[in-house]
Amino acid sequence: MSSQPAGNQTSPGPTEDYSYGSWYIDEPQGGEELQPEGEVPSCHTSIPPSLYHACLASLSILVLLLLAMLVRRRQLWPDCVRGRPGLPSPVDFLAGDRPQAVPAAVFVVLFSSLCLLLPDEDPLPFLTLASAPSQDGKTEAPRGAWKILGLFYYAALCYPLAACATAGHTAAHLLGSTLSWAHLGVQVWQRAECPQVPKIYKYYSLLASLPLLLGLGFLSLWYPVQLVRSFSCRTGAGSKGLQSSYSEEYLRNLLCRKKLGSSSHTSKHGFLSWAWVCLRHCIYTPQPGFRLPLKLVLSATLTGTAIYQVALLLLVGMVPNIQKVRAGVTTDVSYLLAGFGIVLSEDKQEVVELVKHHLWALEVCYISALVLSCSLTFLVLMRSLVTHRTNLRALHRGAALDSSPLHRSPHPSRRAIFCWMSFSAYQTAFICLGLLVQQIIFFLGTTALAFLVLMPVLHGRNLLLFRSLESSWPFWLTLALAVILQSMAAHWVFLETHDGHPQLTNRRVLYAATFLLFPLNVLVGAMVATWRVLLSALYNAIHLGQMDLSLLPPRAATLDPGYYTYRNFLKIEVSQSHPAMTAFCSLLLQARSLLPRTMAAPQDSLRPGEEDEGMQLLQTKDSMAKGARPRANRGRARWGLAYTLLHNPTLQVFRKTALLGANGAQP
């Protein structure tokens with residue numbers, strides 16, 4: 001009974017194993033994990049990132065301490081000759097004569113580091129982020145709190161990079177050169193050893209770090225150049241203080257007579273002149289005698305960096321996945337579509353080609369929407385710079401941009417200071433969110449246009465939109481006729497002109513038509529309301545990053561946080577860094593410093609500690625100033641008159657030497 005028939009016995013040879021473990025022939029042997037095709041393996045540098053960051057953090061702290069020894073606080077200790085060590089300022093935001101390229105580069109480095117922090121698993125690399133192992137044996141650590149600490153860490157790490165430029169000392173330039181080269185060397189070393197990473201996209205880390213490398217490269221070149229200049233000239237570059245070319249250029253441009261363009265030139269080149277005027281109103285072009293404040297320069301630089309970073313993230317997060325899906329389409333997709341009742345063709349290979357073609361069209365729509373979003377955001381940025389310049393010039397002249405009594409006061413307030421501090425950060429966040437919203441809207445619009453209009457017309461199939469229009473054409477024709485007939489009747493029947501004044505006529509017919517067409521106008525109003533919603537959404541999405549424009553009506557403009565921040569930002573900028581006020585304070589301080597030392601050589605620049613003193617010079621309230629106010633006011637008025645008469649170009653032709661020279665007489 002236990003024996004089996006001979007026919008069921010197999011021939012001698014290698015026995016076949018039908019166990020479950022041998023069913024998957026692609027399973028790696030020996031417990032090895034098979035790397036999926038196209039996936040980038042994890043890359044580890046020869047030197048761990050924790051050591052990199054520990055060295056950079058230590059070097060930054062050392063540089064900050066040395067800078068604190070160089071920068072002395074004379075205000076709190078006026079009797080002490082050497083002063084007390086103080087924390088150096090990273091950026092002089094309200095100093096209009098400082099170099100603007102270094103703060104812009106530092107902020108680009110900081111923002112790019114924060115963008116790389118988002119997908120990073122170790123926000124603080126020099127700390128061990130480990131927790132108790134989970135049930136599957138893998139360690140899991142909460143990353144949210146560490147990422148928040150990472151925000152402060154990278155800001156503190158970039159602090160000495162910016163502070164070395166404001167110290168105005170040869171040793172500070174040497175420290176800045178060392179620190180910038182250390183940062184650049186670490187970044188280049190990491191990207192050279194691990195150009196590909198498995199996060200988001202294999203080249204995302206390399207592409208996202210390009211602004212970071214550009215900013216560090218600029219700093220690593222700028223600091224050595226300033227160091228060489230300081231050794232050659234024996235003066236720290238960038239320490240001119242208030243006496244600089246910008247204030248003088250602003251006053252010169254303000255006092256000189258404006259030249260009027262000839263009408264013949266305009267008529268001869270009418271189209272070119274009109275195009276140039278339109279270009280100047282839409283795109284920012286530098287003009288002599290005016291320089292944008294540092295905060296606006298930082299906002300523009302961060303906006304460009306944010307456009308690049310967000311566009312890169314949207315591009316590498318979507319396009320490679322679409323390409324992988326298109327490359328992996330097989331004939332099985334026909335069964336998947338048939339399950340949803342979609343039959344593209346009886347031929348399975350033709351279905352594969354159609355699906356690949358549709359995926360390619362989807363990729364084209366996505367890239368087109370991204371290009372359109374970036375272009376519109378960049379144009380809005382250029383238009384905003386023109387508006388900033390116009391508003392600042394108006395405020396410099398003493399004009400008011402709105403009728404609100406809150407913004408008429410020139411004095412700073414607590415809310416205004418807070419808005420000034422957060423302006424550049426708000427601008428960057430608005431640009432990022434606005435670009436994301438624009439990408440969604442434009443992608444949906446281009447996809448609907450491609451799949452409902454263009455591709456059905458080209459291929460002659462899937463005419464869903466045209467079939468729906470064919471079935472509902474009486475409805476749309478009725479609405480169109482109602483609109484056209486009312487417009488024609490309003491122009492030819494219900495309106496006539498008497499003595500050059502238009503007047504209503506045929507009022508009975510007008511009342512009857514209004515009553516009878518009310519149901520149709522309700523339907524037309526529904527279509528108009530839909531169009532209004534779409535148009536307002538598109539307009540607000542495009543102008544979301546434009547803080548100088550309120551997205552709310554004028555009566556509710558103060559409820560717009562972006563517009564409110566912008567108005568208070570302008571108040572602080574105009575009240576604290578007016579170029580004319582800066583120039584006059586500089587001249588007064590020079591006269592005050594040269595008064596007790598008549599025989600001494602004139603100074604070419606002011607000490608860095610005298611800038612705040614000059615800002616408060618016109619606002620002194622001591623008893624001696626109150627007693628000598630009439631005499632001081634009279635002397636100040638005479639000095640202003642003399643300065644104007646000497647430096648006004650329009651009055652030079654009326655001087656004695658010029659008149660004698662014109663008459664041919666000897667002076």
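Keep in mind that glycine also has a Cβ here, set from the backbone N, Cα and C atoms.
As written in Swiss-Prot, here are the features:
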| type | residues | note |
| --- | --- | --- |
| COMPBIAS | 1-13 | compositional bias 'Polar residues' |
| CARBOHYD | ASN8 | N-linked glycosylation site |
| INTRAMEM | 510-547 | intramembrane segment |
| MOD_RES | TYR643 | phosphotyrosine |
| REGION | 1-22 | region 'Disordered' |
| TOPO_DOM | 72-98 | topological domain 'Cytoplasmic' |
| TOPO_DOM | 227-295 | topological domain 'Cytoplasmic' |
| TOPO_DOM | 389-422 | topological domain 'Cytoplasmic' |
| TOPO_DOM | 495-509 | topological domain 'Cytoplasmic' |
| TOPO_DOM | 548-667 | topological domain 'Cytoplasmic' |
| TRANSMEM | 51-71 | transmembrane segment |
| TRANSMEM | 99-119 | transmembrane segment |
| TRANSMEM | 145-165 | transmembrane segment |
| TRANSMEM | 169-189 | transmembrane segment |
| TRANSMEM | 206-226 | transmembrane segment |
| TRANSMEM | 296-316 | transmembrane segment |
| TRANSMEM | 368-388 | transmembrane segment |
| TRANSMEM | 423-443 | transmembrane segment |
| TRANSMEM | 474-494 | transmembrane segment |
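Residues of the same chain lying 6 or more positions beyond the ends of the transmembrane segment (296-316) and with a Cβ under 8 Å from any Cβ of it are 100, 103-104, 107-108, 111-112, 115, 200-201, 203-204, 207-208, 211, 367, 370, 373-374, 377-378, 381, 385, 388, 423-424, 427-428, 431-432, 435-436, 439, 545. Nonlocal intrachain contacts for the topological domain 'Cytoplasmic' (495-509), taken as residues 6+ away from its ends with a CB within less than 8 angstroms of a stretch CB, are lacking entirely. Here the transmembrane segment (51-71) does not touch the transmembrane segment (474-494). Their Cβ atoms form fewer than 3 pairs under 8 Å, with each pair 6 or more residues apart. Ranked by number of Cβ pairs under 8 Å to the transmembrane segment (206-226), the listed stretches 99-119, 368-388, 423-443, 474-494 are led by 99-119. With Cβ pairs under 8 Å as the measure, the transmembrane segment (145-165) is packed most heavily against 99-119, out of 99-119, 368-388, 474-494. Here the topological domain 'Cytoplasmic' (495-509) returns a mean pLDDT of 82 for the predicted model. Under DSSP, residues within the topological domain 'Cytoplasmic' (495-509) fall into helix, strand and coil as 3 helix, 8 strand, 4 coil.
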